Amino acid sequence: MRLDVVTIFPAFFDVLDVSLLGKARERGLLDIGVHDLRDFTHDRHRTVDDTPYGGGAGMVMKPEPWGEALDGLLQPESILVIPSPAGERFTQGVAREFATESHLVFACGRYEGIDHRVGEHFAREHRVRSVSIGDYVLNGGEVATMAMIEAISRLIPGMVGNPESIVEESHEGGLLEAPAYTKPAQWRGLAVPPVLMSGNHGAIRQWRADQSVERTRSIRPDLLP
Ligand SMILES: CC(C)N1CCN(Cc2ccc(Cn3ccc4ccc(-c5n[nH]c(N)c5C#N)cc43)cc2)CC1
């Protein structure tokens, strides 16, 4: 999978060279390009924003630099992903959908967002998705893009050591995962549930399934079918 990110803070994505993502890049599972939007400006101040038509607080990102940057990146099969507080909810289902794609281009806005015509223009010939990672307000699209890249990339075959672990984790099956434990068996007066040390794999599977439903009912009832 090829990912391209356009941002005015390219250094923000230096972290993509470490951890799982760094290894995935080394192994050729993931190819990531980060591009500075200001490289697509032509004035002395490398201007990327201007005042909003209709008035209002803040500044809006100019369409021209975005047009030039995205013209050079988008292919017919690409999906243009635009993080936005007004976007569709980014869920594990959307992550799974995006993980099957060959090319994702993330447009990281700042200020009050990107001129609406950018998404409108590229939707004429490409798939464009405006996406929000949650109902809270961030200062720009970079954190959201990083979260989405991590959620998507771990679903790419070969990315995570044990593919089974993906199936059992929260949100993959639509429910929260069961609690996890490791050694020691006793810690500060707290014991590991005996069933997990019974060696009875059927009983362990059942306990985890029950715990998953119980936790979901108590913490995230909205996820219950
Ligand atoms: C009335 C008038 C003064 N209000 C002014 C604030 N407006 C909302 C507003 C607020 C902040 C930003 C900053 N920003 C710029 C690009 C950008 C991309 C993503 C996100 C973002 N925030 N939260 C998420 N889950 C996101 C995602 N994904 C935020 C972004 C952009 C836009 C609403 C109108």
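Positions of Cβ are set from backbone N, Cα and C atoms, glycine also.
Annotated features, as they stand in TrEMBL:
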BINDING   Gly109, Ile133, Gly134, Asp135, Tyr136, Val137, Leu138  S-adenosyl-L-methionine binding site
DOMAIN    1-224  domain 'tRNA methyltransferase TRMD/TRM10-type'
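The Cβ of Gly134 (S-adenosyl-L-methionine binding site) has Arg89, Phe90 as same-chain neighbours under 8 Å, each 6 or more residues away in sequence. All chains included, 7 other C-beta atoms sit within 10 angstroms of the C-beta of Asp135 (S-adenosyl-L-methionine binding site).
Residue density at Gly109 (S-adenosyl-L-methionine binding site): 25 other Cβ atoms are found within 10 A of its Cβ, drawing on all protein chains shown. Model confidence over the domain 'tRNA methyltransferase TRMD/TRM10-type' (1-224) is summarised by a mean pLDDT of 94. The maximal spread of the S-adenosyl-L-methionine binding site, taken as the longest Cα to Cα distance among Gly109, Ile133, Gly134, Asp135, Tyr136, Val137, Leu138, is 17 Å.
Long-range Cβ neighbours of Val137 (S-adenosyl-L-methionine binding site) (same chain, at least 6 residues apart, Cβ-Cβ under 8 Å): Pro85. The most crowded of the binding-site residues listed here (Ile133, Leu138) is Ile133, judged by how many other CB atoms sit within 10 Å of its own CB. Among the binding-site residues Gly109, Ile133, Gly134, Asp135, Val137, Leu138, residues whose Cβ is positioned under 6 Å from ligand 1 are identified as Gly109, Ile133, Gly134, Val137, Leu138.
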